[in-house]
Amino acid sequence: MNPSLKFILAFIISLEISLKASLTTNLIVIVFALIYLLITRIRIKELILLIAVPFIAAFTIFATLFWFSPTPDAYYAWNLSTRVYVYTLTIACVTRNTTATDFARSLEQNLHLPSKFAYGVLAAINIIPRMKIAVKQIRAAAMMRGMYLSFWSPVLYFKSILVALNSADNLAQGMESHGYVEGQKRSTIVAIPLTKKYWLIFFTLLILVNISLFIFK
Amino acid sequence: MIEISDVTFSYEKEPLIHQLNMNIAPGFNLLIGPTGCGKSTLLKIIAGLYPKYAGKLTGGIDLHGQKAAMMFQNAAEQFTMTTPREEIVFALENLQIKAKDYDLHIKKAVEFTKIADLLDQKISTLSGGQQQRVALAVLIAMDVDVFLLDEPFASCDPNTRHFLIKKLASLAETGRTILLSDHVLDDYEQICDQLYQFEGKTVKELSANEKNKLFTQNKQFHARSYSFVLPTGTPVFELNKTQIRQNRLLLKQNKLKIYGKTTLITGSNGVGKTSLFKAMTKMIPYKGNFTYLDNEIAKIKYHKYLSQVAQIFQKASDQFLTVTVKDEIELSKKDRNHFFTDEKIDEWLDKLQLKQHLDQVVYSLSGGQQKKLQILLMLMTKHNVLLIDEPLSGLDHDSIELVLQLMQECQEKLHQTFLIISHQIDELAQFCDYRLVFADQQLKYVEE
């Protein structure tokens, strides 16, 4: 599906589920999301991580509302803790098979957001792996100068921020040197399709979720 | 024609360029001058990046409606996207090129720079030389009128360099303007139409005579022959069935002993020279055995190992940990070897012309100044082994001599092991004892 549509769908579903309590809908969305992830052949390791990491949050919420609340409410506890999975799994569906570049292009082409915003988002995403390498290198560079930097060392963060600022400045200059002018029209070489089929899927899913929200408790 | 009239540019109070007047004609224009004189700055001014991003400017630059694009000294910092193909698409979209013309543009760029095999690889995993080729490819795809190239071959091997300069020359013949800065004069004699030299805050166009003189000097310098000896003694590193991978297999070494003193490591772009250093500093893993003084590198405690073996990175700014030049010196002073007394450090700061920059932020130094400072800082440490990645890139002739002199003095006193990656064999031949050639996934000592 189109990256922007996927994103908007996940956003609306998450928002609606936050406002209206329906445990059944939560479970349906979770099952559908899991099926989608499996169909698109997610790696088992990734799937386990996706389930295991939010479990801490979900469990905490459940424990608070069920065991430690003066008025324990099983339905409410289940409802809130499954929401955590609705959020994480729908977002996982959005990022599944969609690269950051596709997403940025879609924001620009389909949603007509300013290209500055689209590529800003992209730059922010692209900088993450670079920062990971940078942090590793900073620690090595420090050890080579007889300094041990722990993960809470101010020097490590100071230097990381410097690297990030420096990259941001270079990136702006780099974009401009490759012909980018803020606010100027750009052509489309790699088009991100937004077909009727995608709209159909979008509305079908949205209506189904809404029906479920209002029928089931 | 590019017209520069009465341009004065300053980052702080003191102007770096003062009342510059010059006209740059279409063709191949080469810009030379010592480290930190303002070559990169001038290119960025013409590219329209300065004073927008830094500094103050008076005077005018007129490109007469021509489109210009620039390639930065540090190619890695110039990319917005993750792969070369995406970056080219991004640039072409900026220029509002139609989708149907895309194939033509990318084909031209790929043929020009021979990057067909790199197109869909992640840029962050490419070698320094490959990144420079990709950066050039983007400019070729953009098909602009004015090419501003800031030391575009600093990390390229001699063959790639020769090939690209010839290609650029053919481009210059089609009426495009190429303005290129470089410290190495090889390959330009037959090709450059105009030679500009930075001198006293302004740029001078050299006459035919002056030009010839420079090129003859350069030739004489390279005419010196060199030879190496095969190493003997006790080895420092030992490889046994060692493999290093980065995207693909780079090294597959059955048995090799690496010895002390000074060894020059050469090899073409992307062959895996920097990755070898990364494996030797535990930044990336290796398979098989790789020992340092009979201890398996993977098993030695990281901080203990890095207190004996250190790397001088290809990109100087990666080495810095504090803000100003003075802070960096103070940090290195805390744990220094006995060669660098306070007087010695002062003497060398002066010689390397860094003394007047003591209060400056390290990141605002020029590329060459950063390199000089970086080498000084790392020579001050107590390491037994220094892995030095392209120490001469971005340095002018005088700076190279100084840096080599410093390394030599230091080694005479402390007997460290230097492993040096460089494409500048002529400059380093005198200084290095041994030479390792990296080719076909193998390292081998040679005598020539």
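Yeah, the Cβs are placed from backbone N, Cα and C, and that goes for glycine too.
Copied from TrEMBL, the annotated features are:
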- A:20-40: transmembrane segment (TRANSMEM)
- A:47-68: transmembrane segment (TRANSMEM)
- A:117-135: transmembrane segment (TRANSMEM)
- A:147-165: transmembrane segment (TRANSMEM)
- A:198-216: transmembrane segment (TRANSMEM)
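Beyond the transmembrane segment (A:47-68), the same-chain residues lying 6 or more positions past its ends with a Cβ under 8 Å from any Cβ of the stretch are 37-38, 74, 76-78, 80-82, 84-85, 88-89, 92. Across A:20-40, A:117-135, A:198-216, the stretch most heavily in contact with the transmembrane segment (A:147-165), judged by Cβ pairs under 8 Å, is A:117-135.
Panel annotation: around the transmembrane segment (A:117-135), residues 100-101, 103-105, 107-108, 156, 160, 163-164, 167-168, 171, 175, 180 of the same chain, lying at least six beyond its termini, place a Cβ under 8 Å from a Cβ of the stretch.
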